[in-house]
Amino acid sequence: MSQQQSLDPAVNQPTHEKAPIADEEADDDIDALIEELQSDAGDADFFEEEAAAGHSAKPVAEELLQTDPRVGLTSEEVLKRRKKFGLNQMSEERENPFIKFMMFFVGPIQFVMEAAAVLAAGLEDWVDFGVILGLLALNAAVGFIQEFQAGSIVDELKKTLALGAVVIRDGHAVEIEAPEVVPGDILKLEEGTIMPADGRLCNTGEVYLQVDQSAITGESLAVDKREGDSTYASSTVKRGEAFMVVTATGDNTFVGRAAALVNKASAGTGHFTEVLNGIGTTLLVLVIATLLVVWTSAFYRSVKIVEILRYTLAITIVGVPVGLPAVVTTTMAVGAAFLAKKQAIVQKLSAIESLAGVEILCSDKTGTLTKNKLSLHEPYTVEGVDADDLMLTACLAASRKTKGLDAIDKAFLKSLKGYPRAKNTLTKYKVIEFHPFDPVSKKVVALVESPTGERIICVKGAPLFVLKTVEEDHPIPENILNDYKNKVAEFASRGFRSLGVARKRGEGHWEILGIMPCMDPPRHDTARTVAEAQHLGLSIKMLTGDAVGIARETCRQLGLGTNIYDAEKLGLGGGGTMPGSEVYDFVEAADGFAEVFPQHKYNAVEILQQRGYLVAMTGDGVNDAPSLKKADTGIAVEGASDAARSAADIVFLAPGLSAIIDAIKTSRQIFHRMYSYVVYRIALSLHLEIFLGLWIAILNESLNIELVVFIAIFADVATLAIAYDNAPYSPKPVKWNLPKLWGMSIVLGIFLAIGTWITLTTMFTKHGGIIQNFGRRDPIIFLQISLTENWLIFVTRANGPFWSSIPSWELSGAVFIVDVLATCFTIWGWFIGGQTSIVTVVRVWIFSFGVFCVLGGLYYLMQDSVGFDRMVHGKSLKEKPPQRSIEDFVVAMQRVSTQHEKVV
């Protein structure tokens, strides 16, 4: 049954090509069945859903929206409104790429590296100068490329707007570009039209429009719209023709507000960057303190300024881990490549660190926890009615079109395989008349002819409306009536979308057959994955645009908990009375929220973050972009829109929650590698600062500057392979426990320095101590430092004793190669001249292994020592929530702001 709206005859409507309708999932069996049925009847959706109010940030004055649909705006009025409201496109701020690149040279570690480069140039030490500049450039290039690949979120949101529109202007229908649309314009809508702006249906009479709002709500079923209903930019017309008056354009559309939220969420520094900056700042302070000691000692001894500068360069190079950003970035990049093999595309490397520490996963329902495909559940049949008869009647009252087949009819036809008698009989019936879903009567009606020539009227639709049809024909027995109504209530409470089915044979009475419940079922692996997630210390909260009943039933089936609430109970839209601190408690305790819109998702994520949680958010539509960007880790699920993919930190190409949980376990392994390296690298910096600082201050001597550079290079080159190491994953979310990290690094650094100091001082004993007199001091010190530092990574990488976990061959091989090189430097005196005997080298190896064993024992004791934890205050306690008075104030201001927007 065609749905259309005619204009005044005076209006000349040009012909134009329709925008393509979005393809739906093909199903060969269904297509073949429909072709066999050969019916031209239309199809319809059976449920009425309405988007929440308050979709525009700045409503247009009502008098500007009283445009005559037959005439539209005049050209003169269009120019005035364009001048007032601007083009129908979202504004954005462009960042200078050169400035953005230069910002990667800013930071504590970078400042120290730059100072070292200046010192090296001043001393004409061009080798060191080149190495330092190379590391600086590498770190900046990697960071800039990662930021560039993330792309512009606003650009992707702009792509969701329609490219063209048909408007009525000066009494004629004309096709224009979407940016030329202004508030008050009359738009002609038809199948396939992508709405370029927010609006309100007008002059439609009794005509209904079916609109796909999945880009806004994230849910798949089309929504019925009639005159006066609101529509949103980026929505697609699935069926019908109508006219719409534009109420908001550009930044004031729903999509525009989403873009604004993304921009707001984009501000701030990532958690991983904060950790690295904090480590760099602390090491910088220690370098300065060491230099003050060295300078004081040097000036007291009247050391030449050139020598003081050389001491300064040596302390600067060893004091800050120049390769820390590069090694950590490489570790995450290798991890990202591994995740890519598992169909998880990492768009922002620091997201790996965030994902490892995620404590709460805010998950969309449709497509992530569920299949995003409606399926039928066990039907309720009236006593004496066979389930095959109910199914046959329901399918006879279904659309026969392959193109645009709605989700409910598709679910019925796919479920026929479970009803073989109905499937075999269906093709033998001939459809005489077919009336699609009528939003007033809430029914689909079909007149069919059976193989015997009997005419049957088949009806399916809202259960109580179908029941009313039967009751108007004849009284229904009380027991059947009560059972039917009880089932309707039961299915509704469980969140099912129920359809009543009835028929009328020939001149007989109407027969009520039963109820067919349907819903989007959970994925087959979701319940198991949810249990695994909870075992990993992860709390999952569902945020969905579906109704509360549907969300609660899905959570019940998955074991997520049933504390599901309407998102409006958050009271952040201006009408809430709950104090702010109670809103925070409410969000923290809830298992999820239903009927959510972008602002709800964004606020839920923000509240959980302010309570000290690391939060991940999944999504796939424009509506999810702000919360994806706001979350510590934004996850775009399979089939996500371009806007959601660009806003996300990680994009999944595989469906379901299991892929996400698998990625969380992998990210925890990657985090373990990074944590091990950072402990190791800080200990190395402290080792050399302490040793060289004391050596210079006490003996006014230092290690050859070239050897200092090689020590720094060897330390990072050997541990680049940490990215490929065999690492366990933690059974709980992991975070940077900085007090404990520093405590362990300091202890390891001190004992490393003691070992090197013993090597140095025993050389001055009468018989050379543990070191044979043959050989030069610098090569021997260089070898001892290189060996103990390289082997330290085998200590920090293990959760237990260092022998309890076998390192990967890549890491073992890299350390072995560096050890061989350091040994060759010592034996043949490369770069420093003079040879060292094999006996001396063997003694250094043995002594270094002894130091390594001591370090291994210390690290093992520190890992699980309660006393050590208390001493460094390193137990990972959850951050205390903000003061409740502050939370009350924040929520109150949000409500005032929202009320102000509605008034303006």
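Glycine is treated like the rest: Cβ placed from N, Cα and C.
The feature compositional bias 'Acidic residues' is assigned by TrEMBL to 22-34. Annotation comment: TrEMBL describes 54-125 as domain 'Cation-transporting P-type ATPase N-terminal'. For 1-34, the entry in TrEMBL reads region 'Disordered'. Summarising the annotation, TrEMBL assigns transmembrane segment to 98-120, 126-145, 275-300, 312-340, 678-699, 705-729, 741-760, 811-832, 844-862.
Ranked by the number of CB pairs under 8 Å to the transmembrane segment (126-145), the listed stretches 275-300, 312-340, 678-699, 811-832 are led by 312-340. Computed over the domain 'Cation-transporting P-type ATPase N-terminal' (54-125), the whole-number mean pLDDT of the model equals 77. Take the transmembrane segment (678-699) and the stretches 98-120, 312-340, 705-729, 741-760, 844-862: counting Cβ pairs under 8 Å, 741-760 has the most. The transmembrane segment (98-120) shares more Cβ pairs under 8 Å with 312-340 than with any other stretch in the list 312-340, 705-729, 741-760.
Tertiary proximity for the transmembrane segment (705-729) is limited to same-chain residues at least six positions away from its ends with a CB under 8 Å from its CB atoms, namely 125, 127-128, 131, 310, 313-314, 317-318, 321-323, 326-327, 330-331, 333-335, 665-666, 668-670, 672-673, 676-677, 680-681, 684, 688, 692, 778-779, 782, 785-786, 789-790, 793, 797, 799, 805-808, 810-811, 813-815, 817-818, 821-822, 825, 831-832.
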